[in-house]
Amino acid sequence: MSLGYAEKLSYVEDVGQVGMTEHFDMPQVLQEKIERLAMLVQKSKHLVVFTGAGISTSCGIPDFRGPKGIWTLQREGKALPEASLPFHRAMPSLTHMALVELERAGILKFVISQNVDGLHLRSGIPREKLAELHGNSFLETCPSCGVEYLRDFEVETIGLKETSRRCSDENCRARLKDTVLDWEDALPSKEMDLAEKHCRMADVVLCLGTSLQITPACNLPLKSLRGGGKIVIVNLQKTPKDKKANLVIHGLVDKVISGVMDFLNLQIPPFVRIDHVQIILTQPLSLDKKNVNWSLRITSVHGQKAPLPFIKSIEISFLDNQGYKSAILQKEPFQLKRRTLQGKSFDMVLKINFIDSCGCPSTEIVVPLNLKVPEDNLQLDKDAILQKLRHTAVQESCCGQNAIVERNVILAPKTEVIAHAIVTNVVRYRMTAEALQAGSLGNAVKRRKESVNGFETSRKRSKVHRNKSRFQKLNGWWLGEKNL
């Protein structure tokens with residue numbers, strides 16, 4: 001007889017000889033433990049959260065040692081799970097956003113992550129309050145000046161190697177490096193030092209969705225014990241550190257954290273994803289100065305050769321029936337060249353069509369074309385504009401809003417470079433009876449397949465590291481044993 005989650009008492013799911021066993025606390029016990037955790041969180045002076053792959057499973061990212069984990073399925077000779085959406089479109093889980101609210105409320109002091117999915121940073125956790133021990137697939141860093149660059153696409157290398165981009169500081173221009181560790185790489189001292197410092201200061205270390213089996217990271221929570229700190233572990237599998245913990249909760253991470261937030265009367269904020277495009281309009285005069293040989297390029301703000309992974313195609317039309325032929329740009333580079341009589345001005349409409357994993361099908365941007373290119377750069381309050389976009393998207397419960405966040409002018413030839421911010425997803429978080437019955441928590445994102453297999457693939461490993469790297473390319477997701 002199959003059991004729904006609410007009917008499971010002291011339920012243990014045996015996943016086979018080589019799999020790991022999942023344990024579920026009885027509902028009454030689980031509720032009591034959630035309340036105990038909430039009280040610990042409420043009274044804490046220095047709360048540190050230590051996260052593993054288990055907090056991202058509801059985002060569509062597989063874990064490793066669970067019954068449907070990567071290693072479990074491999075050992076059983078079963079097919080590996082398909083990614084439900086491209087890695088670069090993964091959205092933060094309910095737990096990710098709850099941690100954001102706890103940080104904003106002044107309760108959460110620091111987050112230590114073993115994941116490379118970048119979801120903590122994307123969710124809104126301040127960089128200075130986050131240690132990503134194994135790197136971030138979407139982050140590049142300058143080895144010379146230390147500047148970090150968060151991308152909307154997966155960086156093409158791993159193993160702290162040089163990428164194809166350079167530091168944007170004109171006084172530096174050093175080649176950037178990826179931040180994701182390979183097999184032989186030591187944990188970054190800067191991240192580890194911060195993690196150790198905060199664990200020693202912590203009166204509560206909350207471990208979420210980690211099997212606590214990979215050293216040396218798994219020993220970080222123990223450093224709180226010397227100062228009288230408490231350790232709480234929330235995980236479906238037993239861990240080697242359970243005996244050291246003051247409280248062990250066997251339950252879905254999202255369900256546990258949702259209960260804590262309810263107890264503390266804190267709302268889990270929605271997640272608003274904002275992506276950026278750069279529109280480059282160049283308007284040089286012809287040799288006879290009778291025409292304008294203009295060109296339009298739609299590129300990434302991360303560089304003209306960087307990908308725009310969230311855009312499927314761009315339809316270009318012209319207002320007021322100017323007689324210009326419409327165009328459809330179906331692949332990168334998105335570029336259109338035309339000739340116009342000098343003195344003519346008109347508006348172009350760019351309909352940007354998004355890939356299926358975005359929350360709406362498209363947005364429209366009007367681009368005016370005239371010879372009166374302003375000579376001054378447009379100074380805008382970018383943070384205020386982005387905040388307004390987020391507020392509007394939440395209030396209207398929809399996406400597609402866009403706004404100019406930056407404009408630069410090049411005088412020879414006359415060129416405008418305009419950066420637009422676009423709301424591409426709005427995610428609200430809530431518990432549903434259906435989610436509980438299924439034994440998982442979604443984040444209200446409709447999952448649609450990007451291709452026949454539901455994912456995009458990319459190549460990162462060199463042949464030299466193919467057999468010895470811990471990181472495995474699975475259907476477009478970067479997954480590593482270090483993420484446990």
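Here the Cβ of each residue, glycine as well, is placed from N, Cα and C on the backbone.
Copied over from TrEMBL:
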ACT_SITE  His134  active site, proton acceptor
BINDING   Cys142, Cys145, Cys167, Cys172  Zn(2+) binding site
DOMAIN    27-267  domain 'Deacetylase sirtuin-type'
**Request:** Take the C-alpha atoms of Cys142 (Zn(2+) binding site) and the residue listed as 'active site, proton acceptor' and report the distance between them in angstrom, rounded.
**Result:** 17
**Fill in**
Row Cys142 (Zn(2+) binding site), column other C-beta within 10 angstroms, all chains, value 20
**Prompt:** Here are the recorded positions: His134, Cys145, Cys167. Which has the lowest count of other Cβ atoms within 10 Å?
**Reply:** Cys145
**Request:** Compute the average pLDDT of the predicted model within the domain 'Deacetylase sirtuin-type' (27-267).
**Result:** 91
**Prompt:** Within 8 Å of the centroid of the Cβ atoms of Cys142, Cys145, Cys167, Cys172, which other residues of that chain place their own Cβ, given that this set defines the recorded Zn(2+) site?
**Reply:** Pro143, Ser144, Gly146, Val147, Arg166, Ser168, Asp169, Arg173, Ala174, Leu176
**Item:** Distance from His134 (active site, proton acceptor) back to Cys167 (Zn(2+) binding site), taken between C-alpha atoms, in Å
**Value:** 22
**Message:** Taking only same-chain residues 6+ apart in sequence, whose CB is under 8 Å from that of Cys172 (Zn(2+) binding site), what do you get?
**Reply:** Cys142, Ser144, Cys145, Val147
